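The annotation ATP binding site is assigned in Swiss-Prot to G36, P37, S38, G39, C40, G41, K42, S43. If you look up Swiss-Prot, you'll see 4-244 marked as domain 'ABC transporter'.
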Amino acid sequence: MKKIEVRDLDLFYGEVQALKKINLDVEPNSVLALIGPSGCGKSTFIRTLNRMNDLIEGVKISGTVLLDGKDIYKEVDVIELRKKVGMVFQKPNPFPMTVYDNVAYGPRIHGIRDKRTLNEIVEKSLKAAALWDEVKDRLHHSALSLSGGQQQRLCIARTLAVEPEVILMDEPTSALDPISTMKIEELIEELKKKYTIIIVTHNMQQAGRVSDYTAFFLNGELVEWGPTDQVFYNPKDKRTEDYITGRFG
């Protein structure tokens with residue numbers, strides 16, 4: 001079974017159509033990269049997968065989004081959905097609290113209070129985000145004292161702490177230096193063993209490095225999607241080729 005199936009998805013902001021008849025499948029334990037010029041619908045699309053667009057006034061959505069075969073707009077509670085489908089944003093956004101409390105925040109909201117259980121979740125999540133060794137002696141320091149790259153990995157650990165199945169990443173390295181970017185890319189490769197990952201990126205080389213599948217968006221349309229090697233080296237649509245070779249962007 002596909003992890004996510006999207007069928008005939010349309011989205012309007014008021015009268016403006018931002019997504020047009022999107023049809024796309026996401027394989028389990030894979031990395032799907034979404035590429036395309038600014039304003040093409042990539043970020044709007046991933047926000048339909050955890051219903052973040054519900055928070056915007058005047059949004060109208062039609063079509064179907066299935067997670068494990070269930071319609072997320074009809075059959076799934078939105079709080080449960082956002083536990084299953086985590087999100088990492090473009091700019092690191094740690095909460096103004098300790099490193100420990102950042103990671104424990106989600107589990108506490110979901111009712112976990114036992115100190116030993118929380119300790120285990122915090123350690124496991126920080127290890128999974130490749131951050132434990134750097135912060136294990138600073139767990140009770142402010143998260144805002146970490147570097148930008150560490151803060152982004154902390155946000156990933158915070159996402160992992162509620163045990164999602166899918167991780168959405170909206171340009172997670174665009175605000176980071178090259179070394180921090182490399183660490184996040186290595187982390188993505190490791191995380192896909194356990195999670196399904198969808199990443200929005202403006203960086204074509206990054207899409208080529210980290211993804212198994214690539215989807216090219218343009219003006220709210222999904223022009224083409226498929227295995228990354230095919231989309232990059234043997235695209236079916238001239239617009240895909242023009243974008244990838246830098247003729248526009």
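Residue positions begin at 1 at the first shown residue.
Each Cβ is built from the backbone N, Cα and C atoms, and glycine gets one as well.
What you are looking at is a predicted structure, and each value in this text was computed from that prediction instead of being measured.
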Residues near S43 (ATP binding site) in space but at least six apart in sequence (CB under 8 A): D170, V200
Winner by Cβ contact number (other Cβ atoms within 10 Å) across the binding-site residues G36, P37, G39, G41: G36
Other CB atoms within 10 A, centred on K42 (ATP binding site): 25
Intrachain C-beta neighbours of S38 (ATP binding site), sequence separation six or more, cut-off 8 angstroms: H202
CB-centroid shell, 8 A cutoff, ATP site G36, P37, S38, G39, C40, G41, K42, S43, site residues removed: F217, L218
Other C-beta atoms that fall within 10 angstroms of the C-beta of C40 (ATP binding site): 22
